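K.L.:
Can you keep this structure in mind? I'll have questions shortly.
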Amino acid sequence: MSEEAVALVVDNGSGMVKSGLAGDDAPKCVFPSIVGRPKMPNIMIGMEQKECYVGDEAQNKRGILTLKYPIEHGIVTNWDDMEKIWHHTFYNELRVSPEEHPVLLTEAPLNPKTNREKMTQIMFETFDVPAMYVSIQAILSLYASGRTTGIVLDSGDGVSHTVPIYEGYVLPHAINRIDMAGRDLTYHMMKLFTERGHTFTTTAEREIVRDIKEKLCYIAMDYDEELKRSEEHSDEIEEIYELPDGNLITVGSERFRCPEALFNPTLIGRECPGLHITAYQSIMKCDIDIRKELYNNIVLSGGTTMYNNIGERLTKEMTNLAPSSMKIKVIAPPERKYSVWIGGSILSSLSTFQQMWITKEEYEDSGPSIVHRKCF
C-alpha cells in the first residue's frame, strides 16, 4: 500500500469513539458516542443553530439538547445517527477523506450478523472507502498487551465479554458475553443518588452522574466489610463533588456500592453472572490442557475496568473459584481504556495483515456478506 494510504482505526464503543491513524501508539481523538438535538425551538434569528451536534460539542451544549447514544450494548440501534458519528470522526476529528484510506472498525463478539453487514455497507457506499475490516474488540486488546494466549475480560460502556485466546486462535465456543457494563452502572448510580434525595433525570444530568462515577467510584475488596466501615466511619469514605452549578454533593457508600454490581449483578436487578463467574465459565469451557495458561493470563480491557482495586478483587474472586493449586494472574495494563484501539493500530500496520482487507472490488462482487467470510 502506498505511503499516503495509512489506515484509519476507529473503535466505536457504546460510550466513546476512539479514532486515529494506524501505527500511532494512542488514539488521536476520543469523544463520546453521542448525538444531541435541541429540545427547544430557536428564536434568535441569525444564531447558527444546527439540527444536531455530535460528540464533545453535544456534551458542551447538553443543557439545551436531548442526548442519544446510537450504540446500545455494542449494537448500533440508530444507523442515521451512527453515520453522523462516523462523518464527524473522519471530517471534523481526523480531518481525512475516508475515500483515500482503508478503515479498521471494531465490534463486540456475538453481535447480530446484520450489524457488521450494515457497517460494511455504509463504509463502502456512503464513505466510499477503498478497503475495510471489522475486528473483535477483545482480540485487539490481547494484541496490545503483547500476548498471544490469555483470556480477555473486556468491559466497556455497553457490553462486557470474556474471550479466551490460545496461541492467537480465538476459542469461539468459550466466549461469554453479558450485556451489563458502564452505562448500567451509571443508571444504578442515578438510582442510588435518588435514594439520597438528589434527583438526576435528564440525559444531560446522566452525563454528570457518569463523571461522578468515573472520578469517585472504586471496588471494595470485601463488600460487607466496606459497608460496615461506611456506616461506622462514614467520614473515611465520603468525598465532595462539585456540580456544574456550583452546588456541592457528598458521595459516600455509593462510591463502592455502584461498581459492586460488576461482581453481583443482582444489585441492579440483573440475572446475569458477575464478571468473575463469567470469566471462570469461559475458562471451564476450554480444553483442560490450556486452562492453566488462561488462569495465568487474565487481561483486563475497557473503561469499566479502570476502577481502583479491580485487579486485586478479581484475583481474589478467581482464586476462590479456581482449584486451590492454581496460580491466578490478572494483568491490568495502565492504558487498558484504549487497548482495543492500540491493538487495532498494531494489527492494521502489520505487513502480513495487508492481504486481509476487504477491498472495494470484493465488496462489489459479493455484497455486505463478504464481511463474514473475511473477518473472524
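Note that Cβ sites are derived from N, Cα and C of the backbone, with glycine treated the same way.
Per Swiss-Prot, the features are:
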BINDING   S14, G15, M16, K18, D157, G158, V159, K213, G303  ATP binding site
MOD_RES   H73  tele-methylhistidine
K.L.:
Between any two of S14, G15, M16, K18, D157, G158, V159, K213, G303, the residues recorded as binding ATP, what is the biggest Cα to Cα distance in Å?
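P.N.:
20 Å is the greatest Cα spacing among the residues binding ATP.
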K.L.:
Within the chain of the residue listed as 'tele-methylhistidine', which residues six or more apart in sequence place their C-beta under 8 angstroms from its C-beta?
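P.N.:
For the residue listed as 'tele-methylhistidine', the qualifying residues are S14, A108, G158, V159, D179, A181.
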K.L.:
Quick one: what's DSSP say for H73 (tele-methylhistidine), helix, strand or coil?
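P.N.:
DSSP call for H73 (tele-methylhistidine): coil, neither helix nor strand.
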K.L.:
For the binding-site residues listed here (M16, V159), which one has the lowest count of neighbouring CB atoms within 10 Å of its own CB?
P.N.:
M16
K.L.:
Please list, in sequence order, the residues in the chain of G303 (ATP binding site) that are at least six apart in sequence and whose C-beta is under 8 Å away from its C-beta.
P.N.:
G13, G15, M16, S155, G156, D157, G182, E214, K337
K.L.:
Just counting, how many other CB atoms are there within 10 A of the CB of D157 (ATP binding site)?
P.N.:
26
K.L.:
Relative to the Cβ position of S14 (ATP binding site), how many further Cβ atoms are located within 10 Å?
P.N.:
23
